[in-house]
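According to Swiss-Prot, the Fe cation binding site annotation covers HIS135, ASP137, HIS196. Under the heading 2-oxoglutarate binding site, Swiss-Prot lists ARG205. Here Swiss-Prot flags 116-214 as domain 'Fe2OG dioxygenase', drawing on sequence analysis. According to Swiss-Prot, the region 'Beta(2)beta(3) 'finger-like' loop' annotation covers 62-73, on the basis of similarity to another entry. Annotated region 'Required for interaction with ADRB2' per Swiss-Prot: 88-104, in sequence order.
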Amino acid sequence: MPLGHIMRLDLEKIALEYIVPCLHEVGFCYLDNFLGEVVGDCVLERVKQLHYNGALRDGQLAGPRAGVSKRHLRGDQITWIGGNEEGCEAINFLLSLIDRLVLYCGSRLGKYYVKERSKAMVACYPGNGTGYVRHVDNPNGDGRCITCIYYLNKNWDAKLHGGVLRIFPEGKSFVADVEPIFDRLLFSWSDRRNPHEVQPSYATRYAMTVWYFDAEERAEAKKKFRNLTRKTESALAKD
């Protein structure tokens, strides 16, 4: 969906007439040319600086192998950005626009009530066939309901470079291949409706992801975590 210059964006219209219907009908959608060349370049340059300065670390697996680095399963390198850090003005601007889009979606997202989101996860697949095996962002009710990914890869040719995000929409007879091209913004449900994988990348591949939380599910997840922590500490104390 080409959007043109950022100053002409009608974010509310995009949210209500495009994002909301697409999420409910197919579970995902994307916007192309979201920031425009100039602002998108500023985001890309900052991400490259983070990469070249050694700020990125191997991505970790969640679930039963939480905290474990398995490069053959997940090959990205990541760091977390709030947007207020020095030199991250363009990233902060991007995040503010995504926030507004999600805000405009509002109650039309169904059962979800979004009050907060994660920091931005800056990710780099360094090439050499690195990818991320099929998985679900939120399989166990941790509160994440919407995944937003902003891609930063100029002159990307999926036939040469790979790196396609393949989505396996639940209950659908098709798969969806999303190429990680520069200035593309993807929205999708975070739960089991959208299993997905990052196919092997043969060139440096950059992306930035934020997750929006449903307030009730997030509060319940935090409560369960606190209870588990207390039980673990109590068991260790008895030993």
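Along the chain as shown, the residues are counted starting at 1.
For all residues, glycine too, the Cβ spot is worked out from N, Cα and C.
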Handout entry: Spatial neighbours of the region 'Required for interaction with ADRB2' (88-104) far in sequence, C-beta under 8 Å, 6+ residues away
Key = 6, 9, 11-12, 14-16, 19, 34-35, 39, 42-43, 46-47, 81-82, 114, 117, 120, 146, 148, 150, 185, 187, 208, 210, 212
Completion exercise
Note: among binding-site residues HIS135, HIS196, ARG205, least Cβ-dense neighbourhood at 10 Å is HIS135
Practice task
Count the Cβ atoms, other than its own, that fall within 10 Å of the Cβ of ASP137 (Fe cation binding site), considering every protein chain shown.
Solution key: 20
Problem - Between ARG205 (2-oxoglutarate binding site) and HIS135 (Fe cation binding site): CA-CA distance (Å) - result: 19
Fill in the blank from the handout: Same-chain neighbours of the Fe cation site, Cβ within 8 Å of the mean position of the Cβ atoms of HIS135, ASP137, HIS196 and not counting those residues, run in sequence order as TYR132, ARG134, VAL136, THR147, ASN194, PRO195, GLU197
Completion exercise
Once DSSP output is merged into helix, strand and coil, the residue listed as '2-oxoglutarate binding site' belongs to strand
Practice task
Express the distance between the Cα positions of the residue listed as '2-oxoglutarate binding site' and HIS196 (Fe cation binding site) as a whole number of Å.
Solution key: 17
